[in-house]
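J.: One structure is given below, represented as structure tokens, and several questions about it will come after.
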Amino acid sequence: MSDHDFDHDTDHDGWHAGNNASQNDDYRSDGEQVNSLVPASEMLPERIYLLPIHNRPFFPAQVQPLVINRERWEETMRRVGNTPHHTIGVAFVGEQGIDSLDHEGFPAIGTAVKVHKLKSEEQQIQFIAQGMQRFKIQRWLSKEPPYLVEVTYPKEPVDAEDEETRAYAMAIINGIKELLPINPLYGEELKHYLNRFSPHQPGPLTDFAAAITSAKGPELQDVLTTLPVAERMQKVLPLLRKEIDVAMLQSEISEQVNAQMQERQREFFLREQLKVIQRELGISKGDRENDVDTFRKRLETLTVPEHVQERLDEELNKLSVLETGSPEYGTTRNYLDWLTSLPWGVTSEDQLDLGHARKVLDRDHDGLKDVKERIVEFLAEGAFKGDVGGSIVLLVGPPGVGKTSVGRSIAEALGRKFYRFSVGGMRDEAEIKGHRRTYIGAMPGKLVQAFKEVKVENPVIMLDEIDKLGQSFQGDPASALLEVLDPEQNIDFLDHYLDVRMDLSKVLFVCTANTLDSIPGPLLDRMEQIRLSGYIAEEKLLIAKHHLWPKLLKRDNLSKQQINLSDAALKQVIEGYAREAGVRQLEKQLHRIVRKAAVKLLEEEARTVKISVKNLEEYLGAPMFRKEKVLKGEGVVTGLAWTSMGGATLPIEAGKVHTLDRGFKLTGKLGDVMQESANIAYSYVQGHLKEYGAKADFFDKAFVHLHVPEGATPKDGPSAGVTMTTALLSLAKGQAIGRPLAMTGELTLTGQVLPVGGIREKVIAARRSEIFEVILPEANRRDFDELPDYLKEGMTVHFAHRYKDVANVVFSK
Ligand SMILES: Nc1ncnc2c1ncn2[C@@H]1O[C@H](COP(=O)(O)OP(=O)(O)OP(=O)(O)O)[C@@H](O)[C@H]1O
């Protein structure tokens, strides 16, 4: 709607007719409307109603909407509407409230305005006021609202006569022009107004300039009341100047703000771009929402302990305020990833069915009868307690005897998850307990990693080679491991990285070791030891037939028909190529056979390859061990030794070097204890030569050399005492032993035979060397009796209290 005649509506019946919202055009943006204003020179009424205004005075040069209180001014406006001229006097009354206002609060000078587009709303009346001319009150006709006064209209000079006024006028015009580009508020329409004023009409120009400043009400009223135009201009110029300064300052500030905004927008834009690229490349890791979603989702299935929940909340909060690209975000996210990946409150149910356990153990292992029985007992105990957690099993034995494989079977029998790691190679404590989060690239320790992997709180965790940990550990090895293993401490195990306590007490720990010697006492005390001693040839045969060979064939997708290994050949592999306590070496040799046979199958396009004793060397080369000839000759005796590699036969040789002088020499890399033991043997034999039927002065003219072969292998311990004594005595008596016989036992200076360790391993070693007669210390009788029947079968054993008993056995025949 564009009603070009402002008077149109109000002309009918006062302000009611103008009550039409559609008439409320934006008059200021429409230059035509301004042009159609009533000329200011029109005759003005002598009597006018008064309207007080509060913020600032109204100037004759102004056209502006006014809003007034309806209840208060309705009557006044109705009367104005009824006048033919529609003119009202607007007067500035300052901050005086409506209620405290009376006629005395009105200034003498105000502006007569023409009322256009009158419009009444619920609370207020709006109209557009067109400033006409200053009025001066001459007489009050009504001192109560509606205020009515008699006025006169002071004359404005039409033209500026003198130079000075023109100069002021030019200054004002320039000032207004200066304002235009700085302050967008004074837009096009201001320019339009400006064109209407010329330096020749300084009055309206000055009023206009005053009107567009943001000067205070009283200052402006002062301008309004100043009638001489030169004086008025002097008052307006500083106001205009101030306005320009303020506007310039504002525009500078807004420029700065704009620049900052732009910079921020640019950053935002770049970050968004980066996200898009990351998403496209599939590395959109920093996406906070995704991260938080992932973490929350994981937590849904967990029962997180309170103290962990607190930490989670803290860290999630932290995540929500960190910049997604920042390093702190990365570390916090990583930490939360760990914390939410652990199986808080998740356990698997134990299967404590002994029948099932036996089945699993038998299926995976040949032999090991006593080991399996111990494990079944252990599980039975757990079944009564209702829990096997908190126990520590130690499987000790030489390499390749199936410790790992037994550990796995325990887990399977129980229906628990299995995780294994070696503590043997660990360089520092942090590998178990983690690094503090402040470290760059910090990680939790192995235990926490295990939990993340198995996803239950009660797995079987195997700690391999705990006997090797003391040698290469930084920090305090024993106490770190104790913390993990000790049921009293591991209820709230603290990983440095995680920094919240975890309960390890539901874990069943299975440790492995080759020997007990280097395991710290406090640790050893807490463990259920189960010994795996190594296998005799018959056992190895069964293991190879039932497990190793089928496993190897299956791995290469071959059948027994394609590669046929005869029993005799397998036995020869065991005897000639793999004479160790365990079956590692055996497995390796069998693997060599499979590889070579596979080549043959392909190259010769054969359907089957047969491996027998005759052609075995084609596959494995010459045997490493020949069938042991029974050691013969004076001064040669077979001892029995026990090392971390298992039991072994240990030949000992004594020889007379010359008869020029007396003397005794030892070789064979013997440790201190073993050297002392050799000296005891020498002294003992020398002191009892006559008693054992040798020449009493034998040693007076003999330089004797005692050697323990495999000279490069270090040996130690007192258990070769009787063997060395026997070797020296055999030399002195000039009597060879002449039959397969092995012995072990510590000897004291007074000829007593003391017990030794590793009876089982030693018996196995003897059998492996096809020696079926042994001499053991009397005090070891129980150890022997407890051996499984298959080991005792066919064995002749002599138990010795004193060396005399040994000599009786050896030299009686
Ligand atoms: N009694 C057994 N019955 C069947 N297979 C066995 C037996 N003992 C060992 N094995 C097999 O021999 C191989 C070596 O065993 P395993 O790795 O368990 O030995 P280990 O004692 O843990 O050795 P290490 O101490 O060197 O780790 C495995 O393939 C295992 O399955």
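A Cβ is built for glycine as well, from the same backbone N, Cα and C atoms used for every other residue.
From TrEMBL, for reference:
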REGION    1-32  region 'Disordered'
DOMAIN    48-244  domain 'Lon N-terminal'
BINDING   Gly397, Pro398, Pro399, Gly400, Val401, Gly402, Lys403, Thr404  ATP binding site
DOMAIN    631-813  domain 'Lon proteolytic'
ACT_SITE  Ser719  active site
ACT_SITE  Lys762  active site
J.: I'd like the Cβ neighbour count for Gly400 (ATP binding site), meaning other Cβ atoms within 10 Å of its Cβ, all protein chains included.
T.: 23
J.: Can you tell me the CA-to-CA distance separating Gly397 (ATP binding site) and Lys762 (active site), as a whole number of Å?
T.: 13
J.: What's the CA-CA gap between Pro398 (ATP binding site) and Lys762 (active site) in angstrom, rounded?
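T.: If we compare the Cα positions of Pro398 (ATP binding site) and Lys762 (active site), the gap is 13 Å.
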J.: Out of the recorded positions I have (Pro398, Pro399, Gly400, Gly402, Ser719), which ones have their Cβ sitting under 6 Å from ligand 1?
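T.: Close enough to ligand 1 are Pro399, Gly400, Gly402.
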J.: What does the structure give for the C-alpha distance between Pro399 (ATP binding site) and Lys762 (active site)? Integer Å is fine.
T.: 16
J.: What's the CA-CA gap between Val401 (ATP binding site) and Ser719 (active site) in angstrom, rounded?
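T.: Here the two Cα atoms are 24 Å apart.
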J.: Using DSSP reduced to three states, classify Lys403 (ATP binding site) as helix, strand or coil.
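T.: The residue in question, Lys403 (ATP binding site), is helix (DSSP, three-state).
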J.: For the recorded ATP site formed by Gly397, Pro398, Pro399, Gly400, Val401, Gly402, Lys403, Thr404, name the remaining residues of the chain with Cβ within 8 Å of the site's Cβ center, in chain order.
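T.: Those within range, site residues removed, are Leu395, Thr512, Leu532, Ala581, Gly582, Arg584.
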J.: Fewest other Cβ atoms within 10 Å: which of the recorded positions Thr404, Ser719 wins that one? Let me know.
T.: Thr404
J.: Gly397 (ATP binding site) has how many other Cβ neighbours within 10 Å of its own Cβ?
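T.: If we count other Cβ atoms within 10 Å of Gly397 (ATP binding site), we arrive at 25.
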J.: Taking Pro399, Gly402 as the binding-site residues to compare, which has the smallest set of other Cβ atoms within 10 Å?
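T.: Looking at the binding-site residues Pro399, Gly402, the Cβ with the fewest others within 10 Å is that of Pro399.
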J.: Long-range neighbours only, meaning 6 or more apart in sequence with Cβ under 8 Å: which ones does Lys403 (ATP binding site) have?
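T.: In sequence order, the residues whose Cβ lies under 8 Å from that of Lys403 (ATP binding site) (at least 6 apart) are Leu395, Val396, Gly397, Thr512, Leu532.
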